[in-house]
Amino acid sequence: QKKDFKVDRRLTGSQVIDEQLQEILDYIIRDYVYPWYDLVSESEEVPHEIRVAAQNVIVAFANRVKEVDWIPFLTTRLVDDAASHLRLYRQARARVQSMPQGSKISLEEAFFDLELAMENGLVCRDHISLTPSLQRSYLQQLTDVVLFYLSPEVEFHCLALRYITRELIVNSVLIPLIAKLSDPDYINQIIVWLCKDMAVSSEVFLTILKVNDNVEELAATKDILNKEVAVLRSRDAGGESETLIKQQLSSLNYLGKLVTNQIARLQSGAAPGPDYSRLLLGSPKLFQLPLDVLLKNNIALSHFMDHMTTVGAQAYLFFYLNIEGWRASTEQQLTDMVQTSLEKSEVLLAEQYSAAKQTLERIREAAYSIFEQYLTEKSSCRLDIDEVVVKRLLYRIRTEKPNETWFDEAQACVFERMQTDDRCLYGFRNSPAYVKLLSELHLLRGDSGIDEAALVLASGIGEEDDDTASLDEVSLNSDTASLPEFVISQNSSTETDNGSSGSPSNLSDNKPSGPFTLYAEIIETGLVHEKGKTFGVYAVSISKKYESGQRESWHIYRRYSDFHELHRKVKEKFPELSKLPFPAKKTFHNMERKTLERRMICLNSYLKSLTQPAMLTSKPGLLPLLLAFFSPSGYRASTHLSATLDSLLRMSMQAVRTVPDSVLSSVDGMVDGLSRVLQVRTATTAKDSITRGGPETLKVGASLDTETADNIPMRILLLLMTEVFELKASSQWLRRRLVIILRQVVRTMFGDIVNRRILDYVSLLTSPNKVASYLSAFKDAYWPNGMPSEPLQSRDHATKMRTRVAAKAALLSSLSDDIKHILGNETTLTGILSVFGLLQVTRLNTRLICLLIEGALSNLFAGSAQVIRRLHSKSHRIEEARSPYNSLSTTLKPATP
């Protein structure tokens, strides 16, 4: 007779989590215990004791998790570990690339050599990343440490039970999980899944193809394009628009030619990406950016600074930027002094007068340091400007009271020199770097008259708005037969791409006036054919209901690009409205019925939110914007070029506004006095003695002063962004300027409660329902429908390659437009591809996963960090660097349960 064993099924205190954990335990015991135990005995005692032991561990673990504050770990250490992992990868890649040809050092070897240096010779995870047998041994020892902290003393000393529990955890959970999460193809699929709601624009997709340096990825993409072309050509035109099919074929042919050209270039040994020298020679009418825009826009300044350094004229640019910084800081200090004096009605005290005098002297010292660096006879980089101007400036610095206009005359001379010198502005405009800059600013097309597609290859495809360009019109295997086709009269008084049908019903001499309520609803969607092109349009019904009872109504037709332009203007004027749900752009399937109808629903919701009376009342300026959009005539969306220029100039003005914060240090270190003038203590000052020898050998978070610094979550996120986009490669002045603006963008997104928003988001991710969803996903992956999952069929190589392309496009699409405008296309693209490249190295992924597990356990069990560190004593690099650690003692005594 079988004994009835009762088990308390409460584990964590949360029912939703406990249900998932109990099911997972049931499956583990069923699949990993019963198959061999049934051959030994029919008694249920051993499986029962295994379950009890596992549940005791889970209960103790859950209680410990509740006692620990996870926010600092999740917002600081985890991000720091990930950023430091990326830094090691970049350094290892640079070391391998710098090695002489024929060197046998691999990326992994260079990586773990650098990790040993970063960890001061105490830790190296090469053994667990490169050797499976040592990884298993490491996980067994790590599990022993966890059981030591969590198991009751009796169960911990029962070796048979402890070993069975340990092997179940290691072999059925940890090893399969680490292998799965380390697989680059699985990571790529996760990236695509996470970004499934972020539409990939045709511009992003083309960019990924043009810079792709992997022939296998391009070949796999070409294969699927050829198959789609064959499918379209074999389809009967009956019931479908012949024009639409031709457009799809034209788009696919364009992509095919682009991919073919890219493969040919790579096979010939050429570098990926556009040939800017060829574009420069073939394009005499490029857009001419003024010098003041080059000096104010971060992206343009970076390229111009590189050019000036190349031609040996960088001193003029540095002098100009130093003056900008000195003037901004001086204005701020003098204004503060005036305000302080106005607030004090009585006579200033002696110490206050002395402080003001010291401030003026520091301003004078900073000005003289700039003068001495660039304008004295002894200067190694003396500028060639009018001697009369130089002498007049020196006289002012020595005799006059500090004034922010001291350098205006000298700065004007330098500006004129950069404007007229053939080496400076003229030389820059005639260099490949200038064409590259225009490409980053989206100014290579439009006013310059250059069709980028035609420069790459003669495809014969015209250029339109982003959402209606030829690539966006591709709708593979789409069903558009049931879509209505709108026919807009060519005689319409408005443009056919955004024209209107009808007019306000009450238009007369006695036109209604007074307060009104605005209503807008999309009543139909369909296709329009014009000039050989097909695009989707939306019929919008507009009405005004006046307080007098009169009603005015009309209909208009708008394309998705018009709504997108409206959304851009609304976000620009009211940044807080950027969170309103708006349908994203799509690269393909724009003509499908489902896509148009889904967009219609989303756009209706968007219009309803904007036209709410409370919204219009609280947002002055929104109503005129909407009325212009709803106008039955005269509406014309901004062109792509004008939108780009507006954004460019807007970011330039933002850069001007941030100069006082941006110039805490000069380009070449000559205005150190400015920091004293501003009396700002930089974050790195406290770490100078450590980082001066080589800050790149430290972890990313080493620059944080955790004792005095606040806003740690936001600062570590900014450090991560700095590492991802390699901003340390920029000049010191430009890097600080970029980081300041990035901080402003983050604050704009989250408001003045950045850290609280970050912490709230982390709390949401760790809530019981979220944790239960994670466990459910794990359970469904390994036991779908309650049964062990079948061995996954290996995905073919071509599919994996196409997934890589999709993942890169998804990552690039995930970045906000603000970040792209600040950093530039090249910087953002380089950063994204760097992160993607790191994720494609299986062994380094394994290292990162183990690192994160160690960090979580160190946070969970106080005092365990040293014990975990000793587990790495088997690394041969540690053995070579110093005497090995003593092996982990096998006489650990368990804690009292």
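Glycine too: its Cβ is placed from the backbone N, Cα and C atoms.
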Segment assigned the feature coiled coil in TrEMBL (from 208-235, 628-655, 824-851): 208-235
Composition by DSSP (helix, strand, coil) of residues within the domain 'RGS' (290-421): 100 helix, 0 strand, 32 coil
Tally of DSSP helical, extended and coil residues in the domain 'PX' (516-637): 52 helix, 38 strand, 32 coil
Integer mean pLDDT for the domain 'PX' (516-637): 81
